[in-house]
Amino acid sequence: MGLEEKLPSGFLLSTVEAAAGWVRKASMWPATFGLACCAIEMMAVGTPDYDIARFGMERFSATPRQADLMIVAGRVSQKMAPVLRQVYDQMPDPKWVIAMGVCASSGGMFNNYAIVQGVDHVVPVDIYLPGCPPRPQMLLNAIIELHKQIQTTPLGVNREAAARAAEEAALRETPTHQMKGLLA
Ligand code: SF4
């Protein structure tokens, strides 16, 4: 059955934002950031068993300039953090980040000087995926959740501007005596 048979009057009403969200979520290219054991599970989603291509991700991009999703799979060492940030900065907007596994999300069991205690100290994170390691099905579920976020994100939303606006709104609600302490 073709699409035209499902549309009673032969036309479809939507918004540009909904159409853009649908297109964006259905054609993401991940830039991999496999750093440790979690990367093995991430690689598994590309195999026929899990088939990440079903979600519009035909391939993992070898260059960040052609990628809009960073999957941080594994612990992030202090030495690797600036490299990770550089790769993120090279990705064109709009872009998204999944912290895969407890190490990427919070440092996990590596609570020591050498490991960044959560990749959100380095780049903004959209989805935190628990597990050690998370199974490939869990990564696919995280991608589906991210798709829902993307579908409802208004066009033109700039992450930094949105964060600044939230910060200013929080400051406006802060009692003056506390604000003096914050500004001091
Ligand atoms: S969460 Fe577990 S599997 Fe993933 S990188 Fe850390 S130790 Fe390895």
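Glycine is treated like the rest: Cβ placed from N, Cα and C.
Summarising the annotation, TrEMBL assigns domain 'NADH:ubiquinone oxidoreductase-like 20kDa subunit' to 37-146. Positions annotated as [4Fe-4S] cluster binding site by TrEMBL: C37, C38, C103, C132.
Ranking the binding-site residues C103, C132 by other CB atoms within 10 A of the CB puts C132 at the bottom.
Using a 10 Å radius centred on the Cβ of C38 ([4Fe-4S] cluster binding site) and all shown protein chains, the other Cβ atoms total 27.
For the domain 'NADH:ubiquinone oxidoreductase-like 20kDa subunit' (37-146), DSSP puts the residue distribution at 44 helix, 16 strand, 50 coil. Of the chain residues outside the [4Fe-4S] cluster site list C37, C38, C103, C132, A36, A73, G74, R75, M100, G101, V102, A104, G108, G131, P133 have their Cβ within 8 Å of the site's Cβ mean position.
Spatially close to C37 ([4Fe-4S] cluster binding site) yet at least six residues away along the chain are G74, P133, judged by Cβ distances under 8 angstroms.
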